[in-house]
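Going by TrEMBL, these are the annotated features:
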DOMAIN    60-500  domain 'Amino acid transporter transmembrane'
TRANSMEM  64-87  transmembrane segment
TRANSMEM  93-114  transmembrane segment
TRANSMEM  152-173  transmembrane segment
TRANSMEM  215-238  transmembrane segment
TRANSMEM  250-269  transmembrane segment
TRANSMEM  275-293  transmembrane segment
TRANSMEM  314-333  transmembrane segment
TRANSMEM  353-382  transmembrane segment
TRANSMEM  417-437  transmembrane segment
TRANSMEM  443-462  transmembrane segment
TRANSMEM  474-501  transmembrane segment
Amino acid sequence: MLARSRTLPSRIHHGAVEERHDVRHYLQVEVQPKTQAETEAINPLSNYSKCFDDDGRLKRTGTFWTATAHIITAVIGSGVLSLAWAIAQLGWVAGPAVLILFALVNIYTSNLLAHCYRSGDPVTGQRNYTYMDAVKANLGGRKVMLCGLIQYLNLFGIAIGYTIAASVSMMAIKRSNCFHKSGGKDPCHMSSNGYMITFGIIEVLFSQIPDFDQVWWLSIVAAIMSFTYSSVGLGLGLGKVSESGKFKGSLMGISIGTLTKAGTTVTATEKMWRSLQALGAIAFAYSFSIILIEIQDTIRSPPAEHKTMKKATLFSISVTTVFYLLCGCMGYASFGDLAPGNLLTGFGFYNPYWLLDIANVAIVVHLVGAYQVFCQPLFAFIEKWSAKKWPKSDFVTAEYDIPIPIFGIYQLNLFRLVWRTIFVIMTTLISMLLPFFNDVVGILGAFGFWPLTVFFPIEMYISQKKIAPWTSRWVGLQIISVTCLFISIAAAVGSFAGVFLDLKTYKPFKTSY
């Protein structure tokens with residue numbers, strides 16, 4: 001095991017590329033005069049431009065399809081499973097309408113954010129590699145620190161939410177097989193802790209993938225899994241509706257006085273909290289803006305990155321919205337007011353049970369990939385900051401070549417190994433402490449939606465395009481921002497109320513299903 005360099009991977013540590021691929025190094029290789037053809041063949045500047053982008057980094061290779069895969073992996077996450085419950089709280093009128101409105105807002109603000117990838121000229125301007133870089137270039141000041149705090153706390157929370165969701169699906173597989181093996185005599189209650197630990201161990205391994213653009217293959221697999229379990233949920237919903245011969249649910253959502261599965265009666269106050277929490281669940285289902293800049297930084301050019309990103313965003317959100325409407329509405333039609341927080345687990349031990357097992361396996365595989373898509377920007381931020389803080393520390397900056405059969409050489413960084421492992425352990429422990437899927441989803445959606453999806457993209461766009469205050473365009477953008485702020489506040493209040501209600505009957509590390 002030999003130390004390879006004292007730098008982090010080039011996509012994380014800015015100076016690494018210039019240091020390893022200094023053009024002068026190539027100029028020193030051959031000093032004898034050559035013919036014109038030979039000179040062009042070894043021209044270091046020509047080779048440099050073919051291998052590196054305008055910022056000196058290795059050529060980006062992302063396309064419309066890889067960007068689409070990243071977005072779908074991020075968007076169609078565990079949030080889709082809670083949409084039937086969300087629509088059940090809002091009803092047949094408000095539920096689908098809110099879904100479509102959130103989709104339109106996301107498409108619009110994502111397009112604004114895509115323009116912020118480069119500062120100045122949209123084709124040749126300085127690149128902003130992360131969301132925080134974009135805020136720093138366009139807004140500056142304290143807003144940079146505020147953005148970073150919100151973004152990375154949200155990414156941390158999403159990792160917790162995905163750990164909870166994965167454990168629920170893993171348990172659903174085990175309980176389904178247990179139930180059928182016992183012929184329905186064993187209720188098959190079990191704890192989620194072991195499954196959260198299993199998911200954590202898997203993520204420790206995948207978290208050692210050094211950089212964001214190296215998880216493209218994982219995103220494609222995860223995107224396929226998204227459509228797999230969404231299609232199964234849709235198909236089972238259609239089957240359940242066909243079996244009963246009618247659509248359940250009402251125009252105004254869950255009725256006051258309804259007896260829930262937990263044995264409680266829905267009061268007027270609780271209905272209000274549930275409706276607000278549903279807004280947070282829908283907001284969470286569309287949360288991907290926090291990694292939009294990082295996804296855009298993987299796209300090759302020409303054409304200009306913002307053009308490819310806008311097409312990928314429009315296509316991805318349109319496709320996922322259709323899936324959301326189908327899964328959410330069909331789930332509500334199947335279960336009515338008693339729609340479960342997790343659509344697939346709501347089918348219980350529905351036959352054919354193996355189909356549910358396939359869907360739950362697809363969820364787990366998808367969440368393994370989605371966890372990485374969301375956490376890689378956070379990993380890169382901490383590692384970049386550490387490399388600047390301790391540039392001479394071998395523990396932080398040195399890489400070691402580890403030969404791996406079939407896969408080739410893996411570049412091991414000790415700091416990356418230790419810190420990412422600690423991160424996964426922390427998210428796993430918190431998930432075991434607070435395994436409330438719907439409440440966590442609602443809080444995350446409320447916390448991240450307005451600032452990261454709406455406020456910062458709008459403010460950066462106004463600054464970049466120099467839109468004068470109190471013009472019609474400025475007023476329109478501010479109306480969108482303020483409206484979404486009120487929605488986020490309402491969703492946060494409802495979600496926190498749900499957590500407080502759950503904590504009354506909860507015992508740490510002893511939750512069973």
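Using N, Cα and C of the backbone, Cβ positions are placed for all residues, glycine too.
TrEMBL annotations: computationally assigned, not manually curated.
These figures come from a predicted structure and were not determined experimentally.
The stretch from 314-333, 353-382, 417-437 that makes the most Cβ contacts under 8 Å with the transmembrane segment (64-87) is 314-333. Of the candidate ranges 93-114, 215-238, 417-437, 93-114 has the most C-beta pairs within less than 8 angstroms of the transmembrane segment (314-333). Segment contact is absent for the transmembrane segment (417-437) and the transmembrane segment (215-238), given fewer than three CB pairs below 8 angstroms at sequence separation of 6 or more. Only residues 6 or more beyond the boundaries of the transmembrane segment (474-501), in the same chain, are considered here, and those with a CB under 8 A from a CB of the stretch are 105, 108-109, 270, 272-280, 283, 434, 436, 438-439, 442-443, 445-447, 449-450, 453-455, 458, 461-462, 467-468.
If you look at the transmembrane segment (93-114), the same-chain residues 6 or more away from its ends with a CB under 8 A from one of its CBs are 83, 86-87, 134, 251-253, 278-279, 282-283, 285-286, 288-289, 292-293, 296, 305-306, 309-310, 313-314, 317-318, 321, 324-325, 328-329, 332, 453-454, 456-458, 460-461, 480, 484.
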